[in-house]
Structures are given as structure tokens and as C-alpha cells.
2 protein chains.
Amino acid sequence: MSHSHDHSHDHTHTHETPNTKEKFLERLKEQGFKLTGKRRTIVDILLEEDRYISAKDLLELLKIQFPRLSFDTVYRNLHLLKEERLIEESVFGDGGSKFRIACDANHHHHHFICTVCGRTQLVEGCPMDALQLETPAGFHIETHRFEIFGHCADCCQSSL
Amino acid sequence: MSHSHDHSHDHTHTHETPNTKEKFLERLKEQGFKLTGKRRTIVDILLEEDRYISAKDLLELLKIQFPRLSFDTVYRNLHLLKEERLIEESVFGDGGSKFRIACDANHHHHHFICTVCGRTQLVEGCPMDALQLETPAGFHIETHRFEIFGHCADCCQSSL
DNA sequence: ATCAATGCAAACCTTTTGCACGCGT
DNA sequence: ACGCGTGCAAAAGGTTTGCATTGAT
């Protein structure tokens, strides 16, 4: 159950990381959620995109296959997927939320994020380890947020 | 002009840091902005509060003195103050923006932030220095975000 | 057959904008 | 007197909700 045989039909994705469609869908099924066509397609698209996109962009992509789909379903599924830790959310500079398929739900990480295309790169290490933190007396840490924003190589190019 | 004589009438604030009301207002004046009663009061309140608060909370506090004040003016001033780097903005977990008077516009810093009351503590150091970053090839860093969220000592207490 | 998922519409919340008037300079 | 600042009202976005229907199991 943990090491599912995900050598299915080879995808556009080359790496044999845990990010296979089947694994994601299995996780949902295990939790008792139904694998509807829309839900499958959302996971498909997010895997395919492999970058941060807005709910609006996601809806647009979904409408190709499901013209009548609207925001409510998108958001409901985004919430669900986030709860199940299958996607990651980040608030961009303009205040808008964007979402990407979870890189690795089990491994804590941070990202370089391209503010143009939403593509990401892993950051080596975590500031909570690297900084010798002097936590204020009595302060109880819950979460932290560390993100590096900029232009990726491709988007630097295209802005020339 | 840089070292203004801000020994005016002593305030509730004890430290003789750059965070004096006069200094903030001067900065605005220098830029050619008018020092209206509302603008003064916004700076007053933010200095007094000395923590992250929402536009809504700020408006509430302002309405005590200016009952007819509405969100538009609050936001217009928050934008202005942010442009002038007199306040800092942070997006909290729930997705809502909160604002606080700038701790020190000249010194780069990060915060421990209490998600209950919005009070902050400075973090020693910056992850961009502490982590030996391997910036992805061609990636052009623009900004970064690092915040540690949790409960401050006081808010831990009150939740017992 | 059951209960979750969806579509539709409407509400909601935060933030923004246009315009006429008021006020700091 | 000039021009920014403000109030009002309305719009704009993004996100959420209630309810009836559809659909996966």
C-alpha cells in the first residue's frame, strides 16, 4: 500500500518520484472521497502544470473539458486537496493565492518561486535550522513561512 | 533634517528609537503629503498598538474619533504609508492582511508574529544570509519572505 | 440506495474606484 | 486659491454557502 506499483503508463513526467497521478488519487480514495472526473482532472492539471497557478487559471484549464464548471467546485476541491496535503498554497505579492501540486508531502521544504510563471525550485535547508533562533521567552512557535520570489531563468529570458 | 529634534512632549512610548510620531509625520510632510487629522491619528494608533492589526480593526479604532470614517480612507492611507515604508504588511494564515508601524525602515528584519494579538518580536538574522543558498541557474531573486507564527507568552497564558 | 460532489445563484468580505466636496497648505 | 484628502456609493475581486440535483460507490 505504501509502495504502490506506479510504473503505469509512462507520463510526460520523467522522474519516478512519488508524484504519480495514481498515488494522489489513491490517497483521496483511502480517505473515502469519491474520484470524480473533475477531481481526477484537477489533479491531472496540477501535476501537468507543476507550478503555482491561481484558482482562476485552474478553472480556465478545467473549462476546456468541463465548460460548465465554476469557481465553487474548484475551491471546494482545492480546499479538500489542501487538507489532504496534496497541494501547497502560497500567497503571492499581489495578495492572490496560488496553488501547486505538493512536491513532497512528507519532506519539509521551501521554494524559490517565479512570480511570472509560478514555477518553483527547492531551497536547500530551512531557516529554522540554519538560524540559531532565540525564541522569545514564552513564545510558542506554530508555523513559519519562507519563500524566495523572483524571475526564473526562462522568464528572465522572455523579458529581454 | 535627518536628526530631527524629537524630544517634543514625552509620550507613552519610552524608548528613544526612531519610532517617534514626529519623525513619521515629518517623513510624510517631506514627500509633500498633507498632515490631516485622520492621517495623524492613523500613525498615532499604529504607534500605540505596536502590533499587526487588520484594516477592519484599525477602522474600528479610528471610528472612535471619526465616526464617519470608512474603509476607503483607511486603505488609501495604508497604501500611502506602505509606499513610504512607514508600515509593514503581512498576510496572516487566514489570508487576511494586517499592518503594523514599521519597526525600522532602514534595517532589514524578520519577525516572530503572534497570530492571536499580532504582536511581534525581532528575529536575529536573516535566512538569506544564514542559508548558503544555491540559487538556481538564471534565477533572479527579487524578494523573500520569512515569518515565524505562533502564540506569544501573553496569549499562551490567556488560552489556559 | 446512499451520501458525497456538483451546478446554480446568491451572499460575503476585503479592497478598490469615480466623483463631488472639504480642507490643509 | 490650489490640489490633495475625504465621504459616499458603488463596483470589483476572490472566496464561500445553501439548496436541489447528479453521480460515484
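Start at 1 and count along the chain as shown; that gives each residue its number.
Keep in mind that glycine also has a Cβ here, set from the backbone N, Cα and C atoms.
Copied over from TrEMBL, here are the features:
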REGION    A:1-22  region 'Disordered'
BINDING   A:HIS108, A:HIS144  Fe cation binding site
BINDING   A:CYS114, A:CYS117, A:CYS152, A:CYS155  Zn(2+) binding site
Three-class DSSP secondary structure - A:CYS114 (Zn(2+) binding site): strand
Conformational class of A:CYS152 (Zn(2+) binding site) under the three-state DSSP mapping: coil
Proximity to chain B among binding-site residues A:HIS108, A:CYS117, A:HIS144, A:CYS152, where any Cβ pair is under 8 Å: A:HIS144, A:CYS152
Of the binding-site residues listed as A:CYS114, A:CYS117, A:CYS152, A:CYS155, the one whose CA lies nearest the CA of A:HIS144 (Fe cation binding site): A:CYS114
Near-site residues: Zn(2+), ref A:CYS114, A:CYS117, A:CYS152, A:CYS155, CB cutoff 8 A to centroid: A:THR115, A:VAL116, A:GLY118, A:ARG119, A:HIS151, A:ALA153, A:ASP154, A:CYS156
In the chain carrying A:CYS152 (Zn(2+) binding site), residues 6 or more apart in sequence that have Cβ under 8 angstroms from it: A:PHE112, A:CYS114, A:VAL116, A:CYS117, A:ARG119, A:GLN121
Which listed residue (A:CYS114, A:CYS155) has most other Cβ within 10 Å, given these are binding-site residues: A:CYS114
A:CYS155 (Zn(2+) binding site) and A:HIS108 (Fe cation binding site), Cα-Cα, nearest whole angstrom: 27
Fewest other C-beta atoms within 10 angstroms, as judged across A:HIS108, A:HIS144, which are the binding-site residues: A:HIS108
Number of other Cβ atoms within 10 Å of the Cβ of A:CYS117 (Zn(2+) binding site) across all protein chains: 16
DSSP three-state assignment (helix, strand or coil) for A:HIS144 (Fe cation binding site): strand
